[in-house]
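In what follows, a structure is listed as structure tokens, so that the remarks can point back to it.
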């Protein structure tokens, strides 16, 4: 910029957030609780600053430190009841009560806990490396005498002056003092904070904007008083005392840590918040802890096993005590080999009660094999690997944005296969959130021939041609040549395109309309020096579409300063393009309560104009009496646009006198400079002074197109029996038409509408009696809910959709009505809640989750969806264009809604089945092993004698049965992905939890008990009556134990092989490798020192392997143990096939081309359908069948 340029005065471009005025002490909160921070700028070492003890700028996101890792991690591990039990057993193993050596008891626990701690440590070390990378970044810091030196971020202090260069991140929360621009502006990218890619414009206070070089900060001193650290990214309250003057600070001067400086050479700033006080760290709270239903049930099963364990130990101890008391009768000893006459407590007949107690503790240790010590760590490993497969699924990779699916937590994988209800946002989730300007209404005339997707869907539904502006329209007539396509602009109307608007009768109004679109916004133009083309950084896709539309229709916005916008306009008289500059005096920003945005400008003729655009619900009531000339036509067009699924805004303006503006500006400045609790209220009161008596110009209509594959995905999810609710902020008509376009609603479906548009309520609203309005509204909503329930009862063969607006939802969610509302909603095939606030979305989600007791999934893409995502059992974030806040709050992130189909129907079904089968198998193999130990101990008069060598007991779960169960959890597929999608009803197995019911769990437990009984009695019976080898020796514990153990290893691994539906190389390696590992272990372990191996010394080489009887027993016992399971599965497959079993037969028997058989299989699934399933599948093929089914 030229040095002689007149210095621009303080920006008013973001007038809600900046300005200057003397500080008002009488309304100030500074110094009060929550507003106590004092910053000594450029003097962080002064005494006053040192006593504040503000934290440093070092940031730590790790869970542990070097000092706390072991104690804290161990505490986390032993909070699990199973690990704590094994810790107690390990401690008892050091006492004489132990039936085995202490080392063999401690080693498995050490391996399991150690593996989990290593995993935790690795994850935390990675976080530590990331922290170090950030903390060791460098920034220039003022060290005195105008000298700036590079300093690591972690050494920054509150009050430091820093200099940040272009494309660098801000190291802490700063107050902007000046920048490379003379008017002290800078552009900031906040993607790391809120995910938004559009640039934000910031500006320093006028009084510090002249400090634009290093030397100027030699003697700079200022005092900042402001709010205490908090998590609010979009507000800031404070003031700066500089040169004995107070200057109000606002979010316009705040640069937040982890934001990036863009399009600006440098800035100077003072540090106000450091480290964990910064707003980005304050916002980085952990999401709510979520545990899957299966995991919670798994804990209950562990408790059941503990109950079985204690029951077995208690029963054995009672019997042992009775037998011990009866051992010694005078000089006769029944169990002479136990030497009861020389016993010390354990077998002392005179102290039988104590012997029973000690026996109880002994067998608690002996039977600990019933508890699966490696269950938790195995499940964790499997879930992590499952999450990796989800992330690497090429079918869920979105190439356009280079975003794969990403599981942010692996705790909930199996929940993906149990979703009963999906609650979805609309904009950016079902739609692209990429707005296109397609139609408009100007001076009561509708313009734009474009055909929306909703209009096409409505025409198809009605079997009539598409009509646009009263004329038939071919669908392809509105298609734009792909070579001339302009993003954000799909407007076709020869009456006003190409400059033709100058020939229209209402040319003057059209000119004002287009000029308003080009001026009333906060977009930032970005000129490409190579191409000369202008692109725009806008705060929303809607705003970008308006500016682009204005440019294409002759009003190009190309330049912005802090006090002006420059346009190149088409002059209607000369038909030439001319440059015009409009001075921007104020911008009254849009927010959710105002629902409108205004700018106050001064044109080149000196006229003061207020340009306003906003929602119809707030704009029509602000029109002047002489500004309603086109109101009826505009309302009609707005309703038509809503029917077409378009988003609409009303466009209006007014001229302001100088006196009126001065009065407004005075009050507005006073309001915006307040540091008080009612600041926003006073600002709203000030804006009301000018946002009135508007003159209507027209309305805009932009289309938010459906994402690719949304109708097909919703249809497939509905076939899977999943209920879908849409929670949107759109108008009721728009929401309904979007519902038809995405197949959520269909022709023939009866709609139950709940709203508060009754004439009586409207009259009360005009009268303003709030109590009467509340009473009448609540009564109306309650009556409509009762009417809806009665309608459903009286029409059992009909299919219903429930549509409710936000006002009605306020009352429907009250404690005394919400249960009735939910009862009505779950009986409907589809539910749409329109005009919903973010809080209502979260409350509806909570109601469905708690009220139905079923698994819920929420999916959204914006910050307004965060509450809903965190409230649901599973939150899915769409990484779209509304930022990353939804993704950061989600459990799983995907790029497109259509990927939800594969995520649930394929990965969800697989994960649910794998985890369920894996846990059931764990309990099976542990009960098989544990019951052989129990039966042998009973066989030896409950003497506490172990059936197996110490190390056999210890390594069963850790070494010989661990890998097959992990491969089952990671790789098994009951049916392929293709069949999962072809037969979506298969998903209902998870929704109804058919694979993890108590019946199935107990069935697997009984299978384990049965296998244990068969193994023990067959082995014991085969070895007991005769000599085991040619030397005439009988089999003792040292022989019976290894033989039973061999049979167990074979049985449980062969049982795994029978349970697997889809064999891979990993399955074969794991199953047969584990069996082979047992024999290798026998060889290696048997050749160690006899003092270490005890009964295992050379047992395999000398006693087992050489004798055919050992191999014969193994073969016979394995076959006999598997016969019950094989028999059960054969009967089930032939006479009571499950749904997935029927699909497996299709694959194996080659029935894929047999449409009659496939239809029979699909019809079989209808017996287990949920509400809404038959309505959306049968009605498209044979409504009569659907009706028959519903009556049944």
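Using the three backbone atoms N, Cα and C, a Cβ is placed for every residue, glycine included.
Curation plays no part in TrEMBL annotations; they are all automatic predictions.
Taken from TrEMBL, the feature active site, 4-aspartylphosphate intermediate applies to 425. The number of other Cβ atoms within 10 Å of the Cβ belonging to residue 425 (active site, 4-aspartylphosphate intermediate), over all protein chains shown, comes to 29.
Within 10 Å of the C-beta of residue 864 (ATP binding site) there are 23 other C-beta atoms, taking all protein chains into account. The ATP binding site annotation in TrEMBL covers 425, 426, 427, 543, 590, 613, 647, 728, 729, 730, 835, 841, 864, 865.
Summarising the annotation, TrEMBL assigns Mg(2+) binding site to 425, 427, 861, 865.
Per TrEMBL, the feature transmembrane segment maps to 81-99 (among others).
Per TrEMBL, the feature transmembrane segment maps to 105-122 (among others). Note on the transmembrane segment (105-122): residues 63-64, 69, 73-74, 76-78, 83, 86-87, 89-90, 93, 98, 365, 373-374, 376-377, 380, 954-955, 957-958 of its chain, located 6 or more positions outside it, place their CB under 8 angstroms from a CB of the stretch.
Among the features that TrEMBL reports, transmembrane segment is placed at 301-322 (among others).
As annotated by TrEMBL, transmembrane segment applies to 356-379 (among others).
Look at TrEMBL and you will find 922-939 (among others) tagged as transmembrane segment.
Summarising the annotation, TrEMBL assigns transmembrane segment to 951-971 (among others). Residues 100, 104-105, 107-108, 111-112, 369, 372-374, 378-379, 381-382, 385-386, 389, 914-915, 917-918, 921-922, 925-926, 929, 933, 1041-1042, 1045, 1048-1049, 1052-1053, 1056, 1059-1060, 1062, 1064, 1066-1067, 1069-1071, 1073-1074, 1077-1078, 1081, 1085, 1093, 1096 of the same chain sit 6 or more residues outside the transmembrane segment (951-971) yet have a Cβ under 8 Å from a Cβ within it.
Non-local neighbours of the transmembrane segment (1001-1023) in the same chain are 301, 920-921, 923-932, 934-936, 939, 1034-1035, 1039-1040, 1043-1044, 1047-1048, 1051-1052, 1055, 1109, 1113, 1116-1117, 1120-1121, 1124-1125; each lies 6+ residues outside the stretch with a CB under 8 Å from one of its CB atoms. Per TrEMBL, the feature transmembrane segment maps to 1001-1023 (among others).
Annotation comment: TrEMBL describes 1043-1065 (among others) as transmembrane segment. Outside the transmembrane segment (1043-1065), and at least 6 residues removed from its termini, the chain residues within Cβ reach (under 8 Å) are 917, 921, 924-925, 928-929, 932, 936, 947-948, 952, 956, 960-961, 964-965, 967-968, 971-976, 1007, 1011, 1015-1016, 1019, 1023, 1035, 1071-1072, 1074-1075, 1078, 1104, 1110, 1113-1114, 1117-1118, 1121-1122, 1125-1126, 1129, 1144.
Non-local neighbours of the transmembrane segment (1077-1097) in the same chain are 949-952, 955, 959-960, 1037-1038, 1041-1042, 1045-1046, 1049, 1104; each lies 6+ residues outside the stretch with a CB under 8 Å from one of its CB atoms. Residues or ranges marked as transmembrane segment by TrEMBL: 1077-1097 (among others).
Here the transmembrane segment (1109-1128) has Cβ contacts under 8 Å with residues 1007, 1010-1011, 1014-1015, 1018-1019, 1022-1023, 1028-1029, 1043, 1046-1047, 1050-1051, 1054-1055, 1058 of the same chain, all six or more residues outside its ends. Taken from TrEMBL, the feature transmembrane segment applies to 1109-1128 (among others).
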Hey, how far is residue 865 (Mg(2+) binding site) from residue 729 (ATP binding site), Cα to Cα, in Å?
11
When a 10 Å sphere is centred on the Cβ of residue 861 (Mg(2+) binding site), how many other Cβ atoms does it contain?
32
Within the same chain, where does the transmembrane segment (922-939) have neighbours whose Cβ lies under 8 angstroms from its own Cβ atoms, ignoring anything closer than 6 residues to its ends? I mean 6 or more beyond.
301, 305, 309, 312, 316, 319, 363, 366-367, 369-372, 375, 378, 945-948, 953, 956-957, 961, 965, 1001, 1004-1005, 1007-1009, 1011-1013, 1015-1017, 1020, 1040, 1044, 1048, 1051-1052, 1055
Whole-number Å distance between the CA of residue 835 (ATP binding site) and the CA of residue 861 (Mg(2+) binding site)?
17
ATP site residues 425, 426, 427, 543, 590, 613, 647, 728, 729, 730, 835, 841, 864, 865: biggest Cα-Cα distance, Å?
27
How big is the gap, in Å, between the Cα of residue 864 (ATP binding site) and that of residue 425 (active site, 4-aspartylphosphate intermediate), rounded to a whole number?
9
Using the alpha carbons only, what distance in Å do you get between residue 425 (active site, 4-aspartylphosphate intermediate) and residue 647 (ATP binding site) once rounded?
15
